[in-house]
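Annotated in TrEMBL:
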DOMAIN    B:143-206  domain 'CBS'
DOMAIN    B:207-265  domain 'CBS'
TRANSMEM  B:289-306  transmembrane segment
TRANSMEM  B:318-342  transmembrane segment
TRANSMEM  B:363-384  transmembrane segment
TRANSMEM  B:390-416  transmembrane segment
TRANSMEM  B:437-455  transmembrane segment
There are 2 protein chains.
Amino acid sequence: MEINDTQENINEELLIQTANEGNLDSFREEFLDLHPYDQAQFFFKIDKEIRLKMYYYLSPKEVADFFEMLEIEDEEYKDILAEMEPKYAAEMLANMYADNAVDLLNKLGKDQTASYLTIMDKDAAQEIKGLLHYEEYTAGSIMTTEYVAISQNQTVRSAMYILKKQAPTAETIYYVYVIDEDLRLAGVLSLRDLIITDDDTMISDIMSDRVVSISVGDDQEEAARQMRDYDLLALPVVDFQNHLLGIITVDDIIDVIDEEASDDYSKLAGISDLDKMDKSPFTAAKKRLPWLIILLFLGMFTASLIGRFEDTLSQVPIVAVFIPLIAGMAGNAGTQSLAVAVRGLATGEMDESGKFKIILKEAGTGIVTGAICGILVSLVIFIWKHDLILGLLVGFSIFASLLVATIGGSLVPLFMHKLKIDPAVASGPFITTMNDITSILIYFGLATMLMSYLIQ
Amino acid sequence: MEINDTQENINEELLIQTANEGNLDSFREEFLDLHPYDQAQFFFKIDKEIRLKMYYYLSPKEVADFFEMLEIEDEEYKDILAEMEPKYAAEMLANMYADNAVDLLNKLGKDQTASYLTIMDKDAAQEIKGLLHYEEYTAGSIMTTEYVAISQNQTVRSAMYILKKQAPTAETIYYVYVIDEDLRLAGVLSLRDLIITDDDTMISDIMSDRVVSISVGDDQEEAARQMRDYDLLALPVVDFQNHLLGIITVDDIIDVIDEEASDDYSKLAGISDLDKMDKSPFTAAKKRLPWLIILLFLGMFTASLIGRFEDTLSQVPIVAVFIPLIAGMAGNAGTQSLAVAVRGLATGEMDESGKFKIILKEAGTGIVTGAICGILVSLVIFIWKHDLILGLLVGFSIFASLLVATIGGSLVPLFMHKLKIDPAVASGPFITTMNDITSILIYFGLATMLMSYLIQ
């Protein structure tokens, strides 16, 4: 359900009017009172000329606060950054949380990134450089270095003092990480723990030393799984020696979960980059055509396979009538198995050790569904066409196709997972076409064998 | 990537050994040191006899802490609750966060819920009863009443005092909600705001009075969208007079996002309840058969349609060769449009006002992709079969089928959305079969018209 609540929050006309009148104070008062998300919505929606004024009305830090909430195309980010003075843009980047600044810089070219880093405040540039080299989709690529860390040999009182000092810049203050002398992650405590504990208690007495953490090179999906399972608001990221490198916050994980789900979904539908709405039929067609053209050639291959059975077709044309039924059933059974395997791998419910068992289970499922659908279709055709042989031909083809499709639908993603390829790449359309081909071979092979019985 | 980190955290053997030896203290020390998620994993994995001992070793409150982290089938919840003494189970339910207790009770029958509520602590029972009547999938159904609320006419010092007192039972203390004399939601502040502000500051001076909130009857997806867009850790739920009724916390929203994505995904694949791994081929088959059998009958209908063209088929059997190609292309183009529309509606990027524009855009996309694929296929068939008429027949059929499929694929979910039906119900298999039928009608209709040219 879509309710455009954000509209109510923004008094657009008033903002545009005060900006045009050059009424700095009124504009600032009205604009800075908005939630950063609403500020971002307004900022992106209005004309460039008003945005140009806003760069004078607002400090780079104030722009940074809502810039992180923008959700726009890479090209649009480039255009907007080009509107700003380079010095202003660099200062804004320095004022963003490091992980978000890195996200943004990754969308720009290397040259532009380098030039912003050169004119930026040295400390901020250092922090951003440290994060820039992590590979996409790893835990490292979505972590931030703005966390609160303390040592265990202090009291709650001094920990609270450190926390208060770091609160304005830390991305979250709701978890405090405890590190030892070698900067290794030793424990964790929540702000809740700090607040309900007596001021003179030692940190080492109240911290939990079983910290859920993730390796910097691990997949971001694994980070999402851990934060979901353990209900965490932040997850510490460590290197192989358990040094604390950064934290991942829950708002970034929500984006990861959204992205990954959308990604699996679009691959099942055979379409790339579903998340961004296309503005014209041509950009939409560009995303869909690659899949359609590949399918076209796979379909031509299927056609050429059927072409080999032209003899059978011309002698028993009734056989053609059931082609879509058999191919469709096989395609769908395969997609079901594929979906189960892809989701199972994504949520971590399906693990390496159980692979053989899963294939066996899918084969069993194929036998059960195939037998039931096969018998059903045989009966219906027998009643409808009064032709037992034809009924048995279609029924047995459905049984065999469903069995093959079910096994194939789970084997392919498991095999890809083994090869460290994202199993969702084995997208719906491919599985469907693969099953078109096998089911048609089974069906026409049988039909040709039974031809003498089918000609009446 | 799946790493079974949880295994490392749990010293299963030691726990089982101490439990069997009746070594209460060692068991408690080792077990209570675990993260609740790991406790839940252990609890569900071990034999019933050890669980029965655990009910003596652990207090109902201690069991409640990890019971909320269990993710098991409804039947399994029933079995486990049946293992406990009713009084023990009721006390455990009373110690859970109210929203989680309600979730659990909703899985049991009405009789059992009523009996637990009768023997439960009165206050807890009252709180749970207040939440039980909200409809599933609404904001009300996932909210909790354990939030921290204060009035604006007090200082930061006294607010911190209230917070500390409520910290042990509140589900989150990281947001504090400000209510007026009539219990209406007046403002919000974060614990971060409280911590960095001087103790004598008035709450009214630092609270934000533009609170993002959601109506109790709104869809939980809308709550998820707001929390994602505004990067919130909790979202207040209000009635139509803006009275604060409860809050939704981010951990519940992550589950909602996961569920909804999984739901859309399974409907696209034509399979129900994808999220729970099936233990046997029979339970798996039970989930998949309804879709397969409906498709079977739709497929029989398609077959009967083709059956009407038996004349055409027997005179130009080559026509049959391209059935899977045309049906497959139409099916896939329709699924692509469906996916775009369903995701667009789910993320709120596609709104009511833009519907007509979307249909137009999809029609444009259909014309572009259809024309390109149609021309391509005509050329390939002309080169392959040296038959211009056949090439044009298949090419034009693909063009027309893709156009119809693209428009249909977006019209159907938009229409369902208008009727307040979840657009994802227009699942992949149905759109595919619908497009099988229209594309075959187009193809055979044209083939019959052109028959005299095709017979050579």
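Don't overthink the numbers, they just go from 1 along the chain as shown.
For all residues, glycine too, the Cβ spot is worked out from N, Cα and C.
Because TrEMBL annotations are produced automatically, they should be read as predictions rather than curated entries.
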Spatial neighbours of the transmembrane segment (B:390-416) far in sequence, C-beta under 8 Å, 6+ residues away:
318-319, 322, 325-326, 329-331, 333-338, 340-342, 345, 355, 358-359, 362-363, 365-367, 369-371, 373-382, 422-426, 431, 434-435, 438-439, 442-443, 446-447, 450, 454
For the domain 'CBS' (B:143-206), jot down how many residues DSSP puts in helix, in strand and in coil.
21 helix, 17 strand, 26 coil
Confidence summary for the domain 'CBS' (B:143-206), mean pLDDT rounded:
90
Could you put numbers on the helix, strand and coil content of the domain 'CBS' (B:207-265), residue by residue per DSSP?
26 helix, 16 strand, 17 coil
